[in-house]
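Below: one structure, written as structure tokens.
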Amino acid sequence: MTLFKDYLEQKAKFYSPDPVGSAGEIAIDVTPFEVALLSEDWKPVAGWRDRDMVDALLSALDRYLQDRPLPVLEEQLDFAFQPMRDRYGSDTAWRQNTNETQARRMVYHGAISALNDVMEALDLAVNILEDLPPPNTAFHSKVDYAIYRGRRKICVDVKSWSVMIDALSMLERPSFHIELVPGRDSAKKIINNACLYMASHKANWLALTCHHKWIFLRLHNRPANGTQGPYITYSSVEEQPNNTKPFRALLAMMLAAEEGLEIESKADLSVPLLSIEEEDKEDSNKPQVDPDENTSGAYHRWGKAPRQRLLRTQSNKDSENQPNQSADIMISWTQRQAPVTKWFSFSSVDKSGPYLSLGQGPVQLRLQRLLGHGSTGVVYEAKRDASGNDETTDSQSYALKVVRKGEREEEEGALKRMYNESSAYRVIEQARKNGKIGAVVPRCYGLFESQHMLLLVLDCEGMALDPQDWTSMAQRDKVQIFNMISALHRIGIEHCDLEPRNIVRTADGSYKIIDLSSSSFHDCPGIKELPWYTRGGEQCYELKYMYKELIGKRPLHVHGVTDVY
């Protein structure tokens, strides 16, 4: 008879190819808006290394399993621990570990899938969710994997080999003390996120891994050694190759969360805390994302029309001549979302833009809730502060689109798309002032920035359509939306991402087009050839496609197609 604990000790290991670091890989960081949602106890975070944590987890696992026999045939579990290079044959993707994508694939098809099989064999089936945001809808950062039964969960955060090595520079110390504020050091970013994940998910355990190396973190919800709030303990590094300890420790973490296994902590809390620099100073030599850069590709298309690029800096003379220039703004969470009011300052990027003014600054806005997030950024609903110095306290809702400044490729791409979207709104607002276009998109109040974030302020008009709304929509509504698309084309803007999710229905039943981050300058042949659907002339792909999608084969007898909408 094979004992379950003996089986795991012998076979719970995974193929781990030699990792190769990729130059330029950078960790993502927390945003100040999310940190503000945590209680004040979380603002300083203390951590102590517990060299015996893994051994304590394994001892607890052995006590739990005791002399329990393997509940299934060995062959049924052998597949879970079979080397991935054997399981997937000639697929070379399993023979290297060079980036975060490959690391995530190996962790998921290795340790996480095996954990699912073992928990099922224990009659404790778990749910595994990938890229899961916290239950509080105001948060948007997603942990790579959340594994849970009921309301109890553990988290797994996967990094590339290069980023993991950066994390070890902090987690091999006997202790640390940090402030949860954005920084440039990759190790600090990783700890920032680990703390945010555990606090926002209310998870007491988190595994940090690149597949080749594992570190386990534990949240203690009581003060210790002079700390004012929760603190973290973290294990020594466990290597994956030819080692069953990482998986067995992960299994013990899951059982500790679900079954209440008592895990003894031997961290020496008397070790003095080593303080980590709280805030990186602004580096004047750091290259900035240039919105005027003539970058090719789908993410930045306004290079085709230099006269319509966003000018990031303007002379004081230009600013003074603009009566509607946007004031600087202050942003905080509404008091029901954040325990303590903290204001974040943003200054106008494009002071000479044609945007509608928010009023005399600084204008104070309070975030109400998270509306959504996508590849460019996250969108919050905000309202004016009713208790501050802002004299205007109307009930108008604003949509605040926020992009984090960072050095990762996806962060730089998001910044370029945000500048691109701001350029599109600049053109639209100027056309609106000149009477060339009507209420096709939400009103824009300009682009703002802080040290860590870029922010676009728009009117919050309504909720986005569902995918099925395209087919169930009344004919007059389809005509209205097509007219709006045509109006954008007439002033030189092609949306390039028209889906129901980018159309909102307003309170009065009308529609607005949103999300211009993928838009491009467009000399529309379809507008010149109207009505192009009855002629054989040059056609515009987007108009042709949307006509087919919205109108179908029915003739479009609408005078508004050729008028200013």
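One is the number of the first residue shown, and numbering goes on along the chain from there.
Any Cβ shown, glycine's included, is placed from N, Cα and C.
Just so you know, TrEMBL annotations are computer predictions that nobody has curated.
DSSP assigns Lys401 (ATP binding site) to a strand in the three-state reduction. The ATP binding site annotation in TrEMBL covers Lys401.
Per TrEMBL, the feature domain 'Protein kinase' maps to 365-565.
As annotated by TrEMBL, region 'Disordered' applies to 277-308.
Mean model confidence of the domain 'Protein kinase' (365-565) amounts to 82 (pLDDT, 0 to 100 scale). Sequence-distant neighbours of Lys401 (ATP binding site): residues of the same chain at least 6 apart with a C-beta under 8 Å from its C-beta are Thr376, Gly377, Val378, Val379, Met418, Glu421, Leu455, Leu456, Leu458.
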